[in-house]
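Okay, so here's the structure we're looking at.
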Amino acid sequence: MDIAVIGSNMVDLITYTNQMPKEGETLEAPAFKIGCGGKGANQAVAAAKLNSKVLMLTKVGDDIFADNTIRNLESWGINTTYVEKVPCTSSGVAPIFVNANSSNSILIIKGANKFLSPEDIDRAAEDLKKCQLIVLQLEVQLETVYHAIEFGKKHGIEVLLNPAPALRELDMSYACKCDFFVPNETELEILTGMPVDTYDHIRAAARSLVDKGLNNIIVTMGEKGALWMTRDQEVHVPAFRVNAVDTSGAGDAFIGCFAHYYVQSGDVEAAMKKAVLFAAFSVTGKGTQSSYPSIEQFNEYLSLNE
């Protein structure tokens with residue numbers, strides 16, 4: 001295995017709307033879509049579509065969504081040995097609202113994701129030890145995330161933490177044990193309490209976390225691209241301009257693609273450049289996983305735009 005994704009899966013309930021209703025108001029929305037999502041599953045699918053060998057640890061509910069989620073993961077070649085159903089529990093769901101500017105707002109109901117435990121990681125230990133990178137998010141219990149970080153460090157496996165959704169109670173001492181810490185602008189603002197309205201503000205906020213001990217921070221910044229910072233260097237990868245249709249899952253697209261190319265090459269900057277292009281491709285289509293390109297589509301896209 002190349003990559004282990006330990007985290008969430010969700011059923012995306014996507015509403016496309018020109019405006020959000022006020023309290024007590026009913027509005028008609030022009031479109032609705034159901035898809036497979038969740039930050040963990042999105043990142044796993046993005047990497048798998050690029051032909052990474054991916055192992056997924058997650059929990060699904062005891063409902064109509066569960067089998068579809070498992071089939072979807074398997075359809076992309078993801079190892080689902082440790083995707084388990086939780087009896088008498090709903091699957092995680094994510095109502096997503098996409099506005100006229102193609103920006104999105106998301107609510108999550110964790111459902112079965114809450115039951116992914118440190119013990120699940122221990123049960124998968126022998127297979128996890130074969131992976132080169134562990135990818136984590138914060139849509140599961142923090143104790144599970146912390147245990148996964150410790151597992152990676154104990155066994156010499158690199159760890160990437162995507163602190164999404166941002167939780168102020170995140171113990172940054174664990175984040176500092178990770179090889180990569182990958183927030184977006186909003187998450188960076190919440191975690192630091194610092195403004196992120198300009199590029200210089202983002203740099204300052206990122207630097208504040210590096211000064212606290214982070215090894216590598218990569219901030220995804222949408223139309224501003226991505227920023228990689230360590231104690232000794234700083235690299236800005238500009239965004240590739242496209243006509244965005246739906247930005248849902250773009251950050252996950254970046255992380256899945258980055259994970260794939262980093263594991264292949266060990267070159268952070270080169271992996272970032274490809275991940276920025278992969279994320280740009282993803283926002284030109286509707287949905288999350290459904291908007292991610294296959295390896296063939298992405299190679300063609302790279303040949304035209306690199």
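In case you wondered, yes, glycine gets a Cβ from its N, Cα and C as well.
The feature substrate binding site is assigned by Swiss-Prot to Met10, Val11, Asp12, Gly38, Lys39, Gly40, Ala41, Asn42, Glu139, Asp252, with sequence analysis given as support. Counting every protein chain shown, the Cβ of Ala41 (substrate binding site) has 34 other Cβ atoms within 10 Å.
The Cβ of Met10 (substrate binding site) lies under 8 Å from the Cβ of Cys36, Gly37, Gly38, Lys39, Ala41, Ser91, Gly92, Val93, Ala94, Ile108, Asn113, Glu139, each of these being in the same chain and 6 or more residues away along the sequence. Per Swiss-Prot, the feature site 'Important for substrate specificity' maps to Met10.
Here Glu223 (ATP binding site) comes close to Ala239, Arg241: these same-chain residues lie at least six apart in sequence, with C-beta atoms under 8 angstroms from its C-beta. Positions annotated as ATP binding site by Swiss-Prot: Asn184, Thr220, Met221, Gly222, Glu223, Lys224, Gly225, Gly251, Asp252.
Sequence-distant contacts (6 or more apart, same chain, Cβ under 8 Å) of Gly285 (K(+) binding site) comprise Val245, Asp246, Ser291. The K(+) binding site feature in Swiss-Prot is assigned to Asp246, Ser248, Ser282, Gly285, Gly287, Ser291; the stated evidence is sequence analysis.
A helical conformation is recorded for Asp252 (ATP binding site) in the three-state DSSP classification. Annotation source Swiss-Prot lists active site, proton acceptor at Asp252, citing sequence analysis.
Other Cβ atoms within 10 Å of the Cβ of Gly225 (ATP binding site) number 19 in total over all chains. Cβ atoms within 8 Å of the centroid of the Cβ atoms of Asp246, Ser248, Ser282, Gly285, Gly287, Ser291 (the K(+) site) belong to the same-chain residues Val245, Thr247, Gly249, Ala250, Val283, Thr284, Lys286, Thr288, Ser290, Tyr292, site residues excluded.
Our reading of the ATP binding annotation (Asn184, Thr220, Met221, Gly222, Glu223, Lys224, Gly225, Gly251, Asp252) yields a largest Cα to Cα distance of 16 angstrom.
When secondary structure is read from DSSP and collapsed to three states, Met10 (substrate binding site) falls in the strand class. Taking Cβ-Cβ distances under 8 Å and a sequence gap of 6 or more within the same chain, the neighbours of Gly287 (K(+) binding site) are Asp12, Ile14, Lys33, Gly35, Asp246, Ser248, Gly249.
For the pair Asn184 (ATP binding site) and Ser282 (K(+) binding site), the C-alpha distance works out to 16 angstrom.
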